[in-house]
Amino acid sequence: MAAVGSTKISWRLQEFEAHTSSVSCLSLGKSSGRLLATGGEDCRVNIWAVSKTNCIMSLTGSKSPIECLQLNASEEKVIAGSQSGSIKIWDLEAAKILRPLMGHKANITSLGCHPLSENFLASSSMDTNIKLWDVRRKGYIFRYQGHTDAVRSLAFSPDGKWLASASDDCTVKLWDIGAGKAITEFKSHSGAVNIVQFHPNEYLLASGSADRTIKLWDLEKFSMVGSLEGDTSAVRCVFFSQDGACLFSGSSDTLRVFGWEPDRCFDVVSVGWGKVSDLSICNQQLGEAELRNDRHSPEGERRSPSEDEGDEKLSSAEIHNADDYKEIFQPKNAISRTPPKYPEPFPAPPEDESIVGISRKMMDIAPFSEKKQVPPIAQSTPVQRVEPTVVSCAKRAPPPPTPHSLALPAPPSAPVAPAPAAPPGGDVSDKKGHDTMCVMLSSRHKNLDSVRGVWSRDDIKRALDTAVSMNDLAIVVDILNIINLQPSIWKLDLCMTVLPQIDKLLQSKYESYIQTGCTSLRLIMKHFWSLISDTLKATPSVGVDITREERHQKCRVCCKQLKNLSNIVKNKSSYVGRHGSVFKELQLLMAPLDDAL
């Protein structure tokens, strides 16, 4: 035991000069744990490989100090927030800047990437505002107001529906992203709140504060369920373990490992980090990142926006170590870099609208229209205590119900396919947008009534044929969501109608459509492939059997369609994330098709 007690369990592996002036922020890649981005008062963003002291790449172009950084989930992009209030997004593989985002009036303090879409990110600032951005647009799409002091940290919930924020005003706020309003406010901290973190798979939120405590909040009852104390200095960062079993807390002098139910401290490690900035776990090892020379600008200081609105051609990427750059980024060029088509949690910008005629009717809320529109402001006062049910926008497809998501309660009825909606940033009072939405929803309701009438008079096959003839995939999805729950009513005729629609669904940009298509395809393979295969392999009968010939013809058609779908499934099985695992499962289920006649 003496030997164990004297074992050194934390030590500094390396130290190197990251910038020519003070290092102000950094971000560790959470997926690999091997990529590090640093920002400094020299107005540069430097990219490093952990365990190597040579800078891989240096990103220039900002004319004000970098205040905060965020590597996205795939570690292909880095987002940098500056002292002037501007945000720049860099593509690390292409080694170029993608777009600057302007809108904050003071230092950027925190950045967050949406967990389900690479197109959306959130930022917080000393100007007390939180802004939601669509990287395809220059302006922000939502502004959340309510904090009375600088906002220091923000975090998306695992399902991407909520946003938590921590502020110097000693409060933590929870925002409903879709509804654009505050859900609740937590006020138990007695000092500035520095950090917030969602539990990976439970309705639990952790917040760390300058009052040297960590508070745990129940997100179903909106109440504090624990206060973890013991730190001798301000809590600067918190991080849940990958399985959510414990919580790591970083302060200037110690690392603590906490548990709850009941509240207890598992371990304390004296580290003497100083101003710890980030925590990350890789291969069951905990890593931390520290700011050795951190100097923030005075509260509310703002440099001229024109400094960061200059010619983007001034921005460049200096590759210092070509070998490391090729090792980390270049191999990815050999494979498709197109990310899985996750559904967008918000409608696409007007210029991306695919609905014919809608973009023309929405011109007055387009980003570059002559009539200037002010994005909606989410007010947090008075705070209303509500049940954790999210009111979704009409066009938004629900995020996937993954094991690590805060899946909010849903009604027992079959899900409804998303309908096209007005673009984000449109005011509810906008009469044209409201009228257009009413027309679309009324038309869809009328079509569904027609399909229901056919179903009640004839059968499900006729009803589905009617839905297909309407050339509205949302109607088909609504019907499939119902009959997917009733395998007993499926027949071979129905499969012939559904299979061509599955082809369209699997290639849709909406995740709910893809999910419905996968469910229908899985059902057909499990319940009808044996019949199709046996029919095609059977020896021809003697004489004329009309019924058998018709069944044989239907099976040939279904087999041909299934083979086409099998190719789509194979192509998509290489995707990462939830969709990739679903398509891998389908690929195994459809393996017998390779031997089919």
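Cβ from N, Cα, C; glycine included.
Summarising the annotation, TrEMBL assigns repeat 'WD' to 16-58 (among others). The DSSP breakdown of the repeat 'WD' (16-58), given as helix, strand and coil counts, is 0 helix, 21 strand, 22 coil.
In the predicted model, the repeat 'WD' (59-100) has a mean pLDDT of 85. The annotation repeat 'WD' is assigned in TrEMBL to 59-100 (among others).
Per TrEMBL, repeat 'WD' is recorded for 101-136 (among others).
Per TrEMBL, the feature repeat 'WD' maps to 144-185 (among others). DSSP labels the residues of the repeat 'WD' (144-185) in these numbers: 0 helix, 24 strand, 18 coil.
Within the chain carrying the repeat 'WD' (186-227), a Cβ under 8 angstroms from the stretch's Cβ atoms is held by residues 149, 152-158, 162, 164-174, 233-240, 242-244, 247, 249, 251, 258, 260-261, 263, 385, 388, 403-406, all 6 or more beyond its ends. Under the heading repeat 'WD', TrEMBL lists 186-227 (among others).
Look at TrEMBL and you will find 290-321 (among others) tagged as region 'Disordered'.
Sequence annotations record features per position, and here TrEMBL assigns region 'Disordered' to 393-431 (among others).
Feature annotation from TrEMBL assigns compositional bias 'Pro residues' to 397-423.
The domain 'Katanin p80 subunit C-terminal' annotation in TrEMBL covers 432-590.
The residues of the repeat 'WD' (101-136), classed with DSSP into helix (H, G, I), strand (E, B) and coil, number 0 helix, 18 strand, 18 coil. Broken down with DSSP, the repeat 'WD' (59-100) shows 0 helix, 24 strand, 18 coil.
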